[in-house]
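Below is one structure, written out as structure tokens; comments come after it.
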């Protein structure tokens, strides 16, 4: 089965072709980072308009790269949520229109299920069951995964997602959008130990997260340094390092706790923050101690992309899942509502 995948949940327009027998044939991506940088964050209306502008050219590019034509495509998978409603509607409308014109099925895919399954596109994919850490700008969740659609939420953030905390902390210190990569880059020049921030909710049982207090601690420290006349680039780097260390250690502690609670030895990390090198090193070290394994997607598939949507959609389409041509998207969509295969 050859599936065309469309991703438009936020500020990346992603298109890919995935074949159930030959694997990923082609993928293309346009990032709107430069468009939104001047505003310090994603502007939903601008995001939607740019998706409209980019979608069809990217589809043509992907078909050409895979040496395919429209009649080769068996189905279309598109992101139906969660995400920005206007952006989601662009992808959904395009998918349903093409499906109607080509007389093929179209299926809405859960954005975070796409992220969760993205490591399965790699040469050494994880095997069920496993624990997944979904960590991005909008989500921080620990999920037990027994199969596609068989998800048990173990814990999630009570306030800010980890990626959101990275972005907001960077913005508070005058760094460019997106803040996550800027924090990581600055942390490389930081002096260890100059600042120490709390590891939120690690001193109590459970698998819930909270990053709003950590973000506030970083802000207060930066403002105190500014008041003392020390707002140098080195101070910014030192705070970035301390902040990143706190987030990474918090995530690692919770992942270790989830693995022990479930008795599993395999961990998948997915979502934009999974590209963070410090997080990968920390989790690999922890899994080494437990004699387990950690899996993640290649860096370009950690952020939003069409490949993960094409793959996730293909699994559900092959299992016989169908939907009509109505256009429906969801800004919020708990993964527990998904049906198992």
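Placed from the backbone N, Cα and C atoms, the Cβ positions cover glycine too.
Of the residues 304, 324, Swiss-Prot places 304 in the same Fe cation site as 111, 115. The substrate site recorded in Swiss-Prot includes 134, 135, 136, 137, 138, 167, 276, and the single candidate from 155, 180, 263, 288 that the record places there is 180.
Every protein chain shown contributes to the tally, and the Cβ of residue 167 (substrate binding site) ends up with 26 other Cβ atoms within 10 Å. Neighbouring residues of the recorded Fe cation site, listed in sequence order and excluding 111, 115, 304, comprise 7, 9, 79, 112, 114, 136, 271, 305, 308, 309 (Cβ within 8 Å of the Cβ centroid). The two recorded residues residue 167 (substrate binding site) and residue 111 (Fe cation binding site) have their Cα atoms spaced 20 Å from each other. Of the candidate binding-site residues, 134, 136, 180, the one lying closest to residue 115 (Fe cation binding site) when CA atoms are compared is 134. Take the binding-site residues 134, 135: by the count of other Cβ atoms within 10 Å of each Cβ, the lowest one is 134.
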